[in-house]
């Protein structure tokens, strides 16, 4: 029995058991994409509209053949967009291709080298998309003020990076992430920067609602086994968060928790 | 299907599927001990002979009623012993109480405040116990030289601390732990210091063969849920270790992994 | 002899020997302000125009009596401003009070609780101030894209936070800071978050051009001694940066530096 | 004026202003040894009797020509010794060569690869040397129990490693170091593992009485400048320790220090 079977993740109008969202790029082939996605237990899979074929090219292999929309919530993303206009256009294209599907992941990049977001353009695109009826999940920096503003604009989930996309460096600024979580009324989903299972667990222990990853799975030596590791790590971190961890002490006999002494 | 069903932990003459070893003290009552141990999926449970009733006091509740030796490998430990002699005597008592059972966890403490081991007395006790036919799992500091010596003496598993017993501080010296693992021909099992799920995952990702914990589960607000978290974290960390994590990079476009640059 | 006597910090049209900029608030009294500033060896001192008397109230003690502009470069700041308009107005007031002095430190806050910047309003205010002839040093988040944009607007120094103002948590995101430094053509000065001497040294070792601090000195038990510590830490970190640190290795006999293995 | 001019380090029967002890090996030549030692402001310099010529080879350059015993306290060390007997013999040789000088640095190594100490042999050698009238400063692991025992044997200073010799990894286990310091009645001097200036500052901020280093200076690209950096870092860390750092807070407006919340 899963101890937290009733612990659901609500994003906009949808609900999910899984808190591990996966990317679909960077895998060797569609068979690996399928196997890794299944091992991850993902229910939401994100698709880079500019790079993946979900029907634009009828003669080529279609990602949706291995990740059918009946089974997965397809989350089109705007990877590769550097302006608000481009991102908005890409979301509209996705909506057409997916028969009116309105859930999208917005990312507007500031720099091809680091793939860090352009937060000003992101704010602008988010406003346009919300006004146009999209349910917007939004990739952003870990700036607590901006994350709150994106929520106020009407985004259904805010997705701060933990470290640069594709870096695998793990969570760099836990205090920022904690502040973002404390302030939020929508789900906070770490997007980018997770490198291994413990990174994902840490994100969840901080109180994140989910984690989205791609490279950490696809660039492991054994992607399918790493996908399984990530599934368990996300559940472990979530349960640890819900279970309430023991206080840290210098040693067992210490009469009180570590008081502001952290080394 | 468990992706690593054939990945067994061999300790002396025994084999185990679970890599999470749990303590039996510090729980509210025997019912909680039982429920948490089950949720942890533990196969080896350690029992402080000086503090737990496994038959010494026939009129009191017996720990073995909820953790029957037919189902669990009982690992008597010498918690509370401060000399080699005391520890050896305690192991012999355990062997008698458990009908010749020869697997023990040796700990000789140096200090009641920190519960740090007395490594000199530990070495001495280990020699005596091995000579007397015990299969010795041994709690020690994270000193790579001592860990190797304990293996050479004939201990069947070496159990360095990650941080002080009962502290929940997490792994303090990852480089030492890695060196210990690289040098070892017997299982290295982190004993003490884990505080939450990600700590356990990190230990496994470093290549540890298992983790033993008690306070991290028993002192959580919800011990049974934390036990489940720990089970998944140990599996997640093990699978991530076996899967081979992605290399760290400054950002996705970096042509090579982070070269000696670690911040 | 100071090994780096010729190693000057150039900010806009001015040059400095000292790379430690200090705040003037939070001290017990003006005598302590004076003593700590001297012990810090600061040449640039920042003054919150909305909170400090530099002549607005002719009948009250004037900060400039202990920190005379002939000796210190006074850096008026806009602490307490939450809109671009307020910040611009405050800078203009400062310029009047200081007889045309055009060097200012811009901060536009997003939140009274965390004192995190409002980066959108900061960008707007920076544009207005640069257009009005100010030399703008600008407090911001550690977002590499925004830091570059502030430089492109014409700011003479960019001042990312290391951690929240007044937190003393030390540098949270070293990778971001390093990326900001690598991208920059103007001085990068860590503003906010330093708590003790080693934090300041780390900032300089990363390649920052300077550090601005207030609480770390003023809230130490002995502010004047801490000011001296900070002076030395800044110099130590700068010299270590210029000297080029040894590569990290697992141990002395390792044939190569730690390759992407960082724990 | 040095704010802590009266803050002396007492080791056995000697007193020192400088808290930075330096090694003399690994430099390019004697001229660099001399220049770096001067820049470091070291008063105690340690000499590997098995590798350095302090008179054993009358026809070769003598280290004492550039580091004259009238000016520096020469601290012979037993680097390269792997048994208690060897170490004791080496100390006696040093005493002869140095006309009865009885201050020595004991190290008994356990492993040529990591240069980690053999703590059992170290204890034995320390007892023999103390009984023979030596003032023993002793390199050891960061095991709090062993450090206390070495003090009880009569060592005049205990020198735990921060990380492996020559690694430059910085302090790995701050909690152990802090416990060692809290327990000690003799000076605790970090020996080995420091890589850059901030590492040295951190050691001093924890309350160490001094730091001994060699590779961090000698293997820097500019050893003399790094020596100057280290001098300042040691003083900065010491002053910060004495000054009493500000408490850490999540942000300035937090009503209380970070309570056991450390990320």
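Cβ atoms here come from the backbone N, Cα and C positions, even for glycine.
Features as listed in TrEMBL:
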type	residues	note
ACT_SITE	C:105	active site, schiff-base intermediate with DXP
BINDING	C:166, C:192, C:193, C:214, C:215	1-deoxy-D-xylulose 5-phosphate binding site
DOMAIN	C:11-257	domain 'Thiazole synthase ThiG'
**Request:** With an 8 Å cut-off on Cβ-Cβ distance and a minimum sequence separation of at least 6, pull the same-chain contacts of residue C:192 (1-deoxy-D-xylulose 5-phosphate binding site), or say none.
**Result:** C:115, C:139, C:161, C:162, C:163, C:164, C:165, C:166, C:167, C:212, C:213
**Asked** Using Cα coordinates, what distance in whole Å links residue C:214 (1-deoxy-D-xylulose 5-phosphate binding site) and the residue listed as 'active site, schiff-base intermediate with DXP'?
**Response** 14
**Asked** Which has the fewest other Cβ atoms within 10 Å: C:214, C:215, the binding-site residues listed?
**Response** C:215
**Fill in**
Candidates C:166, C:193 (binding-site residues); min other-Cβ count within 10 Å returns C:166
**Largest inter-residue Cα distance among C:166, C:192, C:193, C:214, C:215 [record-listed 1-deoxy-D-xylulose 5-phosphate binders, Å]** = 10
**Complete:** Using a 10 Å radius on the Cβ of the residue listed as 'active site, schiff-base intermediate with DXP', the other Cβ atoms enclosed count 27
**Request:** Do me a favour and check the Cα-Cα span between residue C:105 (active site, schiff-base intermediate with DXP) and residue C:193 (1-deoxy-D-xylulose 5-phosphate binding site); whole Å is fine.
**Result:** 17
**Message:** When DSSP is mapped onto helix/strand/coil, what comes out for residue C:214 (1-deoxy-D-xylulose 5-phosphate binding site)?
**Reply:** coil
**Prompt:** If we take C:105, C:192, C:193, C:214 as the recorded positions, which have a Cβ under 8 Å from chain D?
**Reply:** none
**Request:** With H, G and I counted as helix, E and B as strand and the rest as coil, say where DSSP puts residue C:166 (1-deoxy-D-xylulose 5-phosphate binding site).
**Result:** coil
**Asked** Tell me, what is the mean pLDDT of the domain 'Thiazole synthase ThiG' (C:11-257)?
**Response** 94
